Each structure stands twice: as C-alpha cells, then as structure tokens.
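Feature annotations, reproduced from TrEMBL:
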COMPBIAS  25-34  compositional bias 'Basic residues'
COMPBIAS  35-53  compositional bias 'Basic and acidic residues'
COMPBIAS  70-90  compositional bias 'Basic and acidic residues'
DOMAIN    164-708  domain 'Major facilitator superfamily (MFS) profile'
REGION    25-97  region 'Disordered'
TRANSMEM  162-186  transmembrane segment
TRANSMEM  202-219  transmembrane segment
TRANSMEM  226-244  transmembrane segment
TRANSMEM  250-274  transmembrane segment
TRANSMEM  286-308  transmembrane segment
TRANSMEM  328-347  transmembrane segment
TRANSMEM  418-439  transmembrane segment
TRANSMEM  566-589  transmembrane segment
TRANSMEM  596-615  transmembrane segment
TRANSMEM  621-643  transmembrane segment
TRANSMEM  655-678  transmembrane segment
TRANSMEM  684-702  transmembrane segment
Amino acid sequence: MDDDGRYRDGRSDFIRGAKDIAKVAKKQVGKKVGRGVDKMADEYTRRSYKRFEEEDDDDDYGGVPGGDSGYHRNDSRANDDEGHSDSTEGHDEDDEIYEGEYQGIPRADSVKADSMDGVVAAQAQQFRDLSAYEGERRKDQEELAQQYESILQECGHGKFQWTLYFVLGLALMADGVEIFVVGFVLPSAEKDMCLSEPNKGLIVYLGMMVGAFVWGGLADRIGRRQTLLISLSINSVFAFFSSFVQGYSSFLFCRLASGVGIGGSIPIVFSYYSEFLAQEKRGEHLSWLCMFWMIGGIYASAMAWAIIPHYGWSFQMGSAYQFHSWRVFVLVCAFPSVAAISALSTMPESPRFYLENGKHDEAWMILKQVHDTNMRAKGCPERVFSVTTIKTVKPMDELVNMGDGAAWHAKWRINHPLLFMSGLTHCPSFSYYGLTVWFPDMIKYLQKQEYASRTKVFVKEKVEHMTFNFTLENQVHRQGQYFNDKFMNLKMRSMVFEDSLFEECYFEDITSSNTFFKNCTFIATLFYNTDLFKYRLINSRLINSTFLHNKEGCLLSDVSDENNAYMVYFVSFLGTLAVLPGNIVSALLMDKIGRLRMLAGSSVISCISCFFLSFGNSESAMIALLCLFGGISIASWNALDVLTVELYPSDKRTTAFGFLNALCKLAAVLGISIFTSFVGITKAVPILFASGALAVGSFLALKLPETRGQVLQ
C-alpha cells in the first residue's frame, strides 16, 4: 500500500509538473505569435516609410531574454501561474488541459486578443505616419513651388515666352472662330441641308462642353502639349470634312466632333502658358493672351462678310454635289487650327508637368532652353543657367493615397474652391452667351418689324397678258385676277397672294423665299423649273395644272436676305472689336488691383449696364449696348481665367479648368435657349435673368481667396 501511495503521489506530481510545463509553453508561444502578428501588421502598414523613421527590430523582439520587458512580464506571470498550480489540485477552467496543449499550441482566444492589440496599435501608428508624411509632402511641394518661381525669374521673360504666346494664341483664336462658324453659315446652309433654326448656337457648344471635360483631364496625365496637339488635330480634320459633306446628319456630326476637339484649347492653353510665367508677369500676360479669342471673333466676322454673300464662289457637280460660298468660309475658318498645330510642334512640353511626374532631367533641359533662348535674345549668351538640382517631392505612397484623412484633406483642398468657382463660372457665361446671341436676334426682329412696315398691299387688281421678269418683293396681293400672264426668271421675296385667281399662266425659273399662295385657284397653269412646292400653296386648288422639272434641294420658307446677313456679320464684328478696350484695361490692372476686385467690379458694372438694354428700341441703340456690355464683361472673363489657373495645383490644374469650362458651355446653352425664346415677346425677362446672374457672380467672387502675389502651386 505504501508503494501504491508513493506511486500515486509521484504520478500526481508528474501530472502537475506536466501541466505547469504546458502552461508555460502555452503562454510563451502565445506571446510570440501575438508579436509576430503585430510585426506583420506593422511591416505592412509602414513598409513605405522606412526612409522617414528607423525601426529597431531588436527592440520589438529582443535578442536577449533577460533584457526584454515582455519576457520579464511573461516570466513573472509564469511564476504566478506556477504558484497557483502548486496550491490547487482542482480542475478549474484555467488549468484544464485541452487537446494539443502538450504540443505547445496556444489557445485561439489568446492569439486573437494579442493580435487585436497589435492591429489597433498598427492603425494608430498608421494615422500618425499619414499625418507626418502629408506634412512633409506639402512642405516639399511648397519648397518646389518657391524654387520653380526662382528658376522662372532667373530665366527671365523674353523671346521664348513671346514665341509661345503667339503659338498658343493661334489655338485660342481657333476657339474664338469656332463659336461663330455655325451661327454665320446657318442662314446659307439652310438652303442645302435643311438645318432648322432651333439648332442655332447649340451644336458647337455641346461639342465644346464634352471636349473641355475630356481634354482637361487628359492633359494632367499625358501632358499639355501632346493633348493640345491631339485636340487641335481633331478640330481641324472634322472642320475640313464639314465643308464638303452634303447631308444634314453628316454636317451635324462633323461640327459636333470639331467642337469636341477645340473644347480643350482654353483649359490647356492657359494652364500651359502660366507654367512658363513668373509671378509678376502672370496676370498681365494671361490677360494679353485672351485677346486672341477676340481676334478669332474678328477673323470669323470679317471672313463671313467677305465670303458668304458671294454666291458666285461656288460650283456644282450634277444635282447631287453642291459647293457654295459658305463652304469656302468653313474651310477658311480651319486655318488658325492648322497653323497652331504646325507652330506647336516646335514647342516643348511644360516643365512643371514633368516635375509633377518625376521627370526632373527633362524639366531641367526645358528650363535651360528657356533661359538660353531669352539670354541670347537679350545679348547675354555668356550667362550660365545656375540651377543644378531641383527639389524632389516625395511620391504619393499607395497607403497614404488610400488613407481616409489624407484623401479627405486633398479632396477638400480641391472641391472647396471648386464649388464656388462652379457657380461663379455659370453666372457670366449664362449672361454673356445668352445676351450675345439674343442681341442679333433682337436686331433681326427689329428689322422684320421695319421691313413689314414697308409692305405694299394690292387689292382686287386685274392683270392680263403681262410678263413679270423682275424681282417681286415685300408685297401682298389680295383678290387679284391674272389671265395669261408669264412669271419668268425672277425672284419672289416675302410675297403673299391671297384669294387670287391664276388662269392659263406660266411660271418658269422661279426662286422664292417666304412666298405663299393662300386660298388661290390655278386653272390650266404650268410650273416649270420652280421651287413653288405644294407646301407654299396653302388651301389652294389646282385645276388642269402641271409641275415640270421642279428645283431640287431643301428650300425653306424663310431665308435671310443679303442685307440681313451683312448686318449680322457687321454686328458680330463690332461686338468682338468692342472687347479690345476692356481687354487692354484688364491686362494693365490685373496685377495691380487683384483678380477678385477685377472680377467683382466687372460683374457689378456689367449688371448695371444690362438695365440700359430696356432703352434699346432701334438697331443702332442695340448695337451700341452690345458693344458696351462686351467691353465691360471681358474683364471678368480675364480675371476668371487667371484665378482658375492660380487656384489649383499643377497636377489638377487642367482637370479643374476643363470641368469649369464644361460648366461654362452648359450655362451658355441654357442662356441661349432661354433668352432667344423671349425674342419678340418681352425684353424684361432676359434683362432680369442676365442682371441677376451677374449680381450673384459678384457675390460669389468675394468667397474666393485672392491669388495675386502667390507662386504657382
């Protein structure tokens, strides 16, 4: 029995010892697994920041057990557990041996608790790293901006900038031409392709809206120069095609695609040029660049005035293909875009774009080219470009880019001013484009009223055996009788025959516009080679009458005459020319009074000038008011362009500019659609809309920061 007792006691001691060994092993293994999880989380979340802080692996894991506090804590806890085990022989929950404990496998709940502590610590460390990294990166960006400004000042402002000024001016000129092309050719194109009046002014704006959004974003990714070359190429190719296509749908598609191409010119041109300008020159010379948009409008107006009315500048190949003078005008309007492509191919990419993409060698070479070109032109070829190194901005790490805090901060920096700029861009665009299209339409309306006041009315006339071979214009014949009369080789303009009788008459080679026969009777009458289609014969009867060899083509009921076309071209020419004084004043004062004062002041004065429109009851008064409004409002456009360039960082500049320009074109479409719908109805609504929009714009301008005197971000 004593042997059995000793055997049982020894067996109990052995079991207790085994339990103690297993518990110690479990604790140690659990600690090591937890540390392993912590290390893996820490290495993952901070793998890109080893150059900013030193990590001591020995402090985390401890090469010597006696020197590691974790090991000391683990040993102390093991001793406590050992004492507890010696004094307890029961099967409490902590001392239960689960399957696999002798193999040293820790419990899952122990590993989970330790790993959660490691993940929480890693996340806290990650946020600290994100904040520190963003701060360092912003500091690097500020230092780069300051250094870039110093480099531009060393390069000086000279031959290179002026060469680029004229090259980019051609691209901006092409944009100004595009605005006027469709409006000028529409009256003539109506005859060939059945273009309807509601399409006026909308085709090109819709295309430019899409183009501004697409090309602006692309220029921040593949470069300003390359994107501008692509957009101008698309514009010139489809502008060329649009002068030859015959169908309405084909012409519409070509002008839409041409507008998409030219839509990228404004966002890219201003961003591109600003990145070669030092701070003290930027506002003034960007305003001078705006003059090329005005030159484009003058060029389009002058070419339309000189080409479109000359109907002799045309040829015809059979009855299917017709090339009239308005097609020559469309072809001539593509020249600025083609010239811009040729000149731009000799210019370098923006060095600021290269710096944003880590191409410092390419940026240095271009800046050296700018310096050497200017120094040679100034007679100082011996001056050496002193810049040897350019500040490197820390790249945006993947984890930093994914961080919620960093992403929110970056989005706020972009979106906060973008909200105000979106509303601010809408206001002048809605007013300016709406009014500039409304003015010519109002002039047309006044012309029609004056034309109608000179209409001659003939009642109950009787004409026999007479030959009409002269132009019949602006007449109304009521209850007339025409027997055995001949109407040959003549034009009928704004002619109306009401309740009249034509018996044994002969119509040959008749060209008509706005001519109708209402409630008339034709007996034994022959129509040969005329455009008197049935839709011109309203409620009329044809008895033994014949139509032979009718003229082909789409001849609409209301075609503008030559005098009206000349007036439209002349008004557009004066309107764009009136912008010149405002452009000069804004360029000279932009860097002196600031962008916001220029923008708000111009908007307020433009708002006041809108109220004078109610006094415009004649053609001359409307033309004078158009010139006044255009000359004042151009200052706000110049300030907007400069402000947009300086408000956004280089890596987002053309994207933001393109987005705002797309909103500008959308506002233009809305303004044109709304304002023209009130032509002939009332002038009060368009005036109130325009004034209200400009007043809101002047208020929004006060919510934006002043960018005068700051370096380009």
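Glycine is treated like the rest: Cβ placed from N, Cα and C.
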- Segment proximity, the transmembrane segment (418-439) to the transmembrane segment (655-678), 3 or more C-beta pairs under 8 Å: yes
- Message: With a cut-off of 8 Å between Cβ atoms, can you find at least three pairs linking the transmembrane segment (250-274) to the transmembrane segment (162-186)? Only pairs 6 or more residues apart in sequence count.
- Response: yes
- Note on the structure: Beyond a gap of at least 6 residues from its ends, the CB atoms lying under 8 Å from the transmembrane segment (418-439) belong to 183, 200-201, 205, 571, 575, 599, 603, 606, 610, 613, 622-623, 625-626, 629-630, 633, 636-637, 640, 643-644, 647, 656, 659-661, 663-665, 667-668, 670-672, 674-676, 678-679, 686, 689-691, 693-694, 696-697, 700-701, 703-704
- With an 8 Å cut-off on Cβ pairs and a sequence gap of 6 or more, do the transmembrane segment (162-186) and the transmembrane segment (226-244) reach 3 or more such pairs? yes
- Quick one: average pLDDT across the domain 'Major facilitator superfamily (MFS) profile' (164-708), no decimals. 81
- Query: In the same chain, who gets a Cβ under 8 Å from the transmembrane segment (286-308) while lying at least 6 residues past its ends?
  - Reply: 165, 168-170, 172-181, 184-185, 188, 269-270, 273-274, 277, 325-326, 328-329, 332-333, 336, 565-566, 569-570, 572-573, 575-577, 579-580, 583, 586-587, 590, 634, 637-638, 641-642, 645
